[in-house]
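S.K.: The domain 'Glutamine amidotransferase' annotation in TrEMBL covers 4-188. According to TrEMBL, the feature active site, nucleophile maps to 79. According to TrEMBL, the active site annotation covers 183, 185.
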Ligand code: 1PR
């Protein structure tokens, strides 16, 4: 029996599902005494530093947790839980941590890096550990902006380090305490193996004598470029929830909504085929009341039972009032999705309205969906889905928007274009360009940009490098290139021609034109770092 410290700050469903998948039972901490009495305790780290510590304090969990850590009972901390062992974090100034380790956790400082670090990276083992038995250097999933530096951690605690432009502490272990900066529950088979080793080692004393993977052979770890499978989901005319796919956002074929499969089954297939991440977009979310949109919640719940890579959900993340007059904030809506198994939420239309307001007033209100969700769940949990379309002009002075000189002139030979943001699934253009949207949303606390392109969507003609470079140069958060993938070579091209951290495709995977393994092979052969 494993006891889980669920303090309601994010997706712990994945940890629960991973433990169950490994054959153990899980129970939740109900009161402070459970923390002391649990045989084995897992402290999952989800949410921002401040929200984690404040919730632990609110529930009276801090004292028993410290007491347990000082006893000889096992505790496994994940992600922010590793950071919580320190005295505090730059993420939430003034909020005291558990102070088991001295010092502060700080934001990545290297200016050439995209922060947050979102994605797959390796670890170097600094001491023999049974937890890494069977680990062969596979990449594991990280998602964080803050980290403990090597100077901050006593040698006897140091378990693993990872390089993200600088070497940081990705694992600590001393006596009964183990904590990982990566998410084993989101790191595919390699992560499940580490988690399984941990559960076995803490179950059976004899296992701890096994010496794990050779430590001390230091190799540079490298962040991988991610390959993401995207599932656009909506109800068809019979009311069935289907994965569909549009051509330039038109998902109907001879009047019928295209049906390319079932969301849960397809997501599982992509996980098994090696997708680094799965994104679900509820493409009619702007119409429906999301809290009543139980099918999408169920899709997430069922998917997370068998899919152990990050899940993003988009569509309908906004505040609304239901037919009974009950008001929901976008934070309520997002929370429901996180509880159901989402690791990140993606905001489309609402991000445009927020950015427009922000550009008008120059003020952060703290009330927008981006700010609220980022404050509670951390920037890394907030993705902005951009749906831009090219607007051609003869010269930059013809518009107030950010233009580029394009190598693909417009219908009348126009040599410049800007990228107009749209809302409601591309139906309505706004007086806002993609650079304005991305930069405003970053300033408001978003952690990643999902950069679609209506002109390219479903065309199989390759990604729009001009758009990607244009937006990428305006932000320091990671950018996911999306729309237009038609072959494995297109993925190679997008990573050679742009600095995008990830590339996403839909149609070619759904129609089984290009398997994910072929994309990965092409990338590996071209020298692109992959998982
Ligand atoms: O506005 O917050 O409710 O979010 C709605 C979400 O639904 C947005 O993320 C928006 O991008 C998405 N969406 C709305 N309508 C459509 C549509 O297709 N009619 N799909 C839509 C967007 C685009 C991509 C697609 C890539 C790759 N889908 O995500 O998967 O273009 O496709 P390809 O590889 O086949 O070229 P809100």
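The backbone N, Cα and C atoms fix where each Cβ goes, and this holds for glycine too.
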S.K.: In Å, rounded, how far does the Cα of residue 183 (active site) sit from the Cα of the residue listed as 'active site, nucleophile'?
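M.R.: Here the two Cα atoms are 6 Å apart.
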S.K.: Can you grab the distance from residue 79 (active site, nucleophile) over to residue 185 (active site)? Cα atoms, rounded to a whole Å.
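M.R.: It is 11 Å, counting Cα to Cα.
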S.K.: Restricting attention to the domain 'Glutamine amidotransferase' (4-188), give the mean pLDDT.
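M.R.: Its mean pLDDT is 94.
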S.K.: Non-local Cβ contacts of residue 185 (active site) (under 8 Å, 6 or more apart, same chain)?
M.R.: 14, 15, 17, 18, 44, 78, 191, 192, 195, 308
S.K.: Specify the count of other C-beta atoms within 10 Å of the C-beta of residue 183 (active site).
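M.R.: I count 27 other Cβ atoms within 10 Å of it.
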S.K.: When DSSP is mapped onto helix/strand/coil, what comes out for residue 185 (active site)?
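M.R.: DSSP call for residue 185 (active site): helix.
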S.K.: Including all protein chains displayed, how many Cβ atoms other than that of the residue listed as 'active site, nucleophile' lie within 10 Å of its Cβ?
M.R.: 28
